[in-house]
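Asks: Sharing a structure below in structure tokens format, with a few things to ask.
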């Protein structure tokens, strides 16, 4: 099973948009992607999730991020389900869904629990534009995902990469420091001195030398 920091395994998959090679299909376009699995088509919780992902698709695309679903179903099942969602709920699913009918990719990614039958759990893999796995989340089959948290996670990772900072709990609505971001702790005596000086000048704020934070530039 892959872990955070590893490259996403190279694999060609069947989808509702045709064959796709992962992660190259997105990496070559310079895009991040969120791969998420669902237990089965034509199930209530999964339907609410797909509608929710589609409603937030523009938010993901503004973050240069694509969506791709997966379940252990055949492609015709995906196509019929997507058709049903459009006809009954007036929501058109625009992103591809992987038809992992043999469960090979799901098995490789650790999406199948031996205690939950042959269907996937609700896994989420966030992969950056270099094809590196940046985050992995697992939800049980009986609980739908918090989709706003997945948007927040992608945004936080991208800001962290760009600015070299860390994000506090519930960023940008942290209980202690609000929408400010955390400066990585000093790793030398000289850095501690520099942090204290920067704090005295009002350039940053510190609760102590190891807990400093600032507004985003």
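One-based numbering along the chain as shown.
Cβ coordinates come from backbone N, Cα and C, glycine included.
Annotation comment: Swiss-Prot describes 2-159 as domain 'Thioredoxin', evidence class sequence analysis. Per Swiss-Prot, active site, cysteine sulfenic acid (-SOH) intermediate is recorded for 46. Here Swiss-Prot flags 122 as substrate binding site. As annotated by Swiss-Prot, disulfide bond applies to 206-212.
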Asks: Sort the recorded positions 46, 206, 212 by C-alpha distance from residue 122 (substrate binding site) and give me just the closest.
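Replies: The answer is 46.
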Asks: Fill in the CA-CA distance, residue 212 (disulfide bond) to the residue listed as 'active site, cysteine sulfenic acid (-SOH) intermediate', as an integer in Å.
Replies: 41
Asks: Could you state the whole-number distance in Å separating the C-alpha atoms of residue 206 (disulfide bond) and the residue listed as 'active site, cysteine sulfenic acid (-SOH) intermediate'?
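Replies: Distance (Cα to Cα, whole Å): 44 Å.
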Asks: Across the domain 'Thioredoxin' (2-159), what does the pLDDT come to on average, as a whole number?
Replies: 97
Asks: So what sits near the residue listed as 'active site, cysteine sulfenic acid (-SOH) intermediate' in its own chain, CB-to-CB under 8 Å and at least six residues off in sequence?
Replies: 38, 39, 40, 71
Asks: Of 206, 212, which of the disulfide-bonded residues has the most Cβ neighbours inside 10 Å?
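Replies: The residue with the densest Cβ neighbourhood is 212.
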